[in-house]
Amino acid sequence: MAIILGIESSCDETSASICIDGEIRSNIIASQAIHAKYGGVVPELASRAHQQNIIPTVDQAIIQAKISKKDIDAVSFTRGPGLLGSLLVGTSFAKSFALAMDIPLIEVNHMQAHILAHFIDNPKPSFPFLCLTVSGGHTQIVLVKDYFEMELLGETLDDAAGEAFDKTAKILNLPYPGGPLIDKHAKNGDPTAFKLPEPQIPELNFSFSGLKTAILYLVQAEIKKNPNFLEERMHDLCASVQDRIVSILLNKLKKAAKQTGVKDIAIAGGVSANSGLRSSLLAMGEKYKWNVFIPKFEYCTDNAAMIAIAGYHKFLKQDFVGQDISPLARMHV
Ligand code: KG4
Ligand code: ZN
């Protein structure tokens, strides 16, 4: 039997999870509301909130899993990528815990963990599969050959998909994080109401900065004509923006599937919670006879369950690190 404690602290969620023999028994997430009033994550405030939250969060994860601290066989933590000050809190906690309990320490790459969240529940994808990982900081198409053998096929050249949602939301006067709000407004809007450009980017790469500028110009021009434009057309605007972001993502995913011949197709990361992306991917999967894998909502945005499951698969390989490990703000899949 293997009991793993997973720790996630790369951005603005402090999270702890217990995984017993590959099964998630708890996944506690302490979100940081403090950033909303600043319109984005403030790194220093995030580090302080992690420092406050980490021990109560871990305690709760242990209680909910109905185990005691001394039952834990190893601790896995997010080494990167992310905000360095935030990562330092989780890393230092994990190192201290491993040292105190005399158990192995396991480092986890946050972007790999988003993908490995697909191994929490059934059905699980089979190798090799393609994963579109879309979060606040990344937009990647990854060919997943094995648990820890991943090839980056394409990525964004500027903004991430989550940033495209959040920055657009800011233009529309919606609070941070805007992605979920755009999703909500889009449900009552017409996706064909506004024509937005699809960037012509080579290969399997993405670009979202042009889209953001196009939306800004459109909104500025319309507000000049009608000061109530945003209030009156919010639903249609959100639906059109979401539709374009989703089509940019899925057109590249379709290209990747064609190029590789892979039929198991997954999405991961915070933006995979988007209802438009989820439903369009399902429809595309039907059309092209793909096996589509979409994570449960709780495993889309940042969580420690994905760090614990990744840790479990490294534990099986006895892939441990020493106490001299330090976090990395940048890490590749
Ligand atoms: O993976 P994640 O929780 O954190 C990072 O590692 O970045 O992703 C957060 C991103 C934010 O940009 C947020 O706006 C976006 O995911 N997001 C969404 C939705 N839920 C979260 N974007 C669009 N629609 C959603 N429903
Ligand atoms: Zn993430």
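Cβ coordinates come from backbone N, Cα and C, glycine included.
Proximity of His110 (Fe cation binding site) to non-local residues of its own chain (separation of 6 or more, Cβ distance below 8 Å) is seen for Glu8, Ser10, Thr78, Arg79, Gly80, Pro81, Gly82, Asp302, Ile307, Met331, given in sequence order. Secondary structure at His110 (Fe cation binding site), taken from DSSP and collapsed to helix, strand or coil, is helix. What TrEMBL records for His110, His114, Asp302 is Fe cation binding site.
Secondary structure at Gly137 (substrate binding site), taken from DSSP and collapsed to helix, strand or coil, is coil. The feature substrate binding site is assigned by TrEMBL to Thr133, Val134, Ser135, Gly136, Gly137, Asp166, Gly179, Asp183, Asn274.
The domain 'Gcp-like' feature in TrEMBL is assigned to 23-308.
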Worksheet entry | binding-site residues near His114 (Fe cation binding site) (Cα-Cα within 10 Å), from Thr133, Ser135, Gly137, Gly179, Asn274 | Thr133, Ser135
Item to complete: Give the sequence-ordered list of residues that share a chain with Asn274 (substrate binding site), lie 6 or more positions from it, and have CB atoms under 8 Å from its CB.
Response: Phe165, Gly179, Asp183, Gln242, Val246
Worksheet item: What span in Å does the substrate site cover, taken as the longest CA to CA distance among Thr133, Val134, Ser135, Gly136, Gly137, Asp166, Gly179, Asp183, Asn274?
Response: 18
Fill in: Remaining residues near the recorded Fe cation site, that is with C-beta within 8 Å of the centroid of the site residues His110, His114, Asp302
Glu8, Ser10, Thr78, Met111, Ala113, Ser135, Gly269, Asn303, Met306, Ile307
Discussion item. Which secondary structure state does DSSP assign to Gly179 (substrate binding site), in the simple three-class scheme?
Written reply: helix
Response to the item:
Thr133 (substrate binding site) has its Cβ surrounded, within 10 angstroms, by a count of other Cβ atoms equal to 27
